[in-house]
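The active site, proton acceptor annotation in TrEMBL covers 194. Taken from TrEMBL, the feature NAD(+) binding site covers 14, 15, 16, 17, 18, 19. Residues or ranges marked as domain 'Glycerol-3-phosphate dehydrogenase NAD-dependent N-terminal' by TrEMBL: 11-162. Summarising the annotation, TrEMBL assigns domain 'Glycerol-3-phosphate dehydrogenase NAD-dependent C-terminal' to 183-321.
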Ligand SMILES: NC(=O)C1=CN([C@@H]2O[C@H](COP(=O)(O)OP(=O)(O)OC[C@H]3O[C@@H](n4cnc5c(N)ncnc54)[C@H](OP(=O)(O)O)[C@@H]3O)[C@@H](O)[C@H]2O)C=CC1
Ligand SMILES: O=C(CO)COP(=O)(O)O
C-alpha cells in the first residue's frame, strides 16, 4: 500500500528542470506530489517513463504524477512550489491565484525579477493570491547535482512560520542541507542579485583575465550588490550564507550554471542573442543585471562595476571594460 498521505500533498508548477527536480525530491521523500506541466509531452514522459525529456539520464521517483491540468495539480495541495521563468511567472501566478485556497502556501523557486515592474516573484504571488502565505527557495541548488544525490542546499524563506516549516518538511532529503528564514525579502533579493556577480566573474574568465582578476571582480561586484541590498532594506548577513556567497561561488564556478555560461560567452565576445539561442534555458541573470541600474538609481547609488556588466551584456562596451572600471574604482577611493 502507498503510504503517501493527503496531509503531505504538494504541487509543483513548472515543467523545467527545477520544477521536475523539486517534485522528484518531495515524491522520493514519500509525499504525494503532482507536477503541473505546460507541455503534454513532458507530462506523458514523466508519467510513462519517469524521466524528464531534458534530463533523460535521471530517473524520477515512480510515485510522482504529472498533469497538464492546473486545477488537478493544486487540488488538495497544502504546499505549492512555482518554478516558472520570471518572464512567464505573472501569467502562471494569475492562474494559480484564481484556483488557490487560503490554506495553501505558495513558494517561488525562481531566482528572477519581473520587468519593468521590478517585482520579486513572491510579490507576484502575493498580488495574485493575497490570502495565501508566500515564500521563496534560495540556496546552492543546481538541479543536475540534486538529481545525482549530491550535497546541495535549500533556503526556505517566508514570514509565515507554519509555511516555512511545511516547505522544509516537504523538501527534507538526506543530501539536502535545509535552512529556514523569516526574512523573505533578503533571501529573495540576494538570490536575484547574486547572478550579477556570477556573470561578472565569468565575463572576466571568458575574456582571458586571470584568477587575480577573478577574485577582484567577485569582491568588488559583491560589495556593490551588498550596498544595494542594504539600501533596499535587505539584511547584509544574507549575503554571507548559502543564498548569497554560496550561490555566487556555485554559479561563478560550475560548468552546469547557465549564468556562468552566459558570462563566459559574453567574455569571449559573443552577442547576447546568439548566446541565448545556444542555451537550453534563458538565464535569470539577464534580468538581474538589467534590474541593478534602476534599483540603484531609486536608492541614490552609483554602482560602476554592475553598470559595466550591464553595458557588456547589451554589447555597448567590450568585455575588457571590466578591467578599466575596476582600476578606476580603486584609484578613486585612494583619492
Ligand atoms: N535549473 C536550475 O538548476 C535551477 C533553476 N532555478 C530557478 O528555477 C527557475 C526555472 O528554471 P528551470 O526549471 O531550469 O527552467 P526553465 O527556464 O525552462 O523554466 C521552467 C518553466 O518556465 C516556463 N517558461 C515559460 N515561458 C518561458 C520563457 N519565456 N522563458 C523560459 N521559460 C519559460 C517553461 O515552460 P516551457 O517548457 O513551455 O518553456 C517551464 O515551465 C529559474 O527561474 C531558475 O532561476 C533555481 C535553482 C536551480
Ligand atoms: O541559482 C542556481 C543554482 O543555485 C541556478 O543557476 P543557473 O541558473 O546559473 O544555472
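Placement of Cβ uses the backbone N, Cα and C atoms for every residue, glycine included.
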So which one is it: of the binding-site residues 14, 16, 19, which has the fewest other Cβ atoms within 10 Å?
16
Quick check: with 14, 15, 16, 17, 18, 19 left out, which same-chain residues have Cβ atoms within 8 Å of the centroid of the NAD(+) site Cβ atoms?
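Sorted by sequence, the hits are 12, 20, 21, 22, 83, 84.
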Can you give me the Cα-Cα distance between residue 15 (NAD(+) binding site) and residue 194 (active site, proton acceptor) in Å, rounded to a whole number?
24
Just the number: how many Å between the Cα atoms of residue 19 (NAD(+) binding site) and the residue listed as 'active site, proton acceptor'?
21
Rounded to a whole angstrom, what is the C-alpha distance between the residue listed as 'active site, proton acceptor' and residue 18 (NAD(+) binding site)?
18
A 10 Å Cβ contact count, applied to the binding-site residues 15, 17: which residue has the minimum?
17
If you average per-residue pLDDT over the domain 'Glycerol-3-phosphate dehydrogenase NAD-dependent N-terminal' (11-162), what number do you get?
97
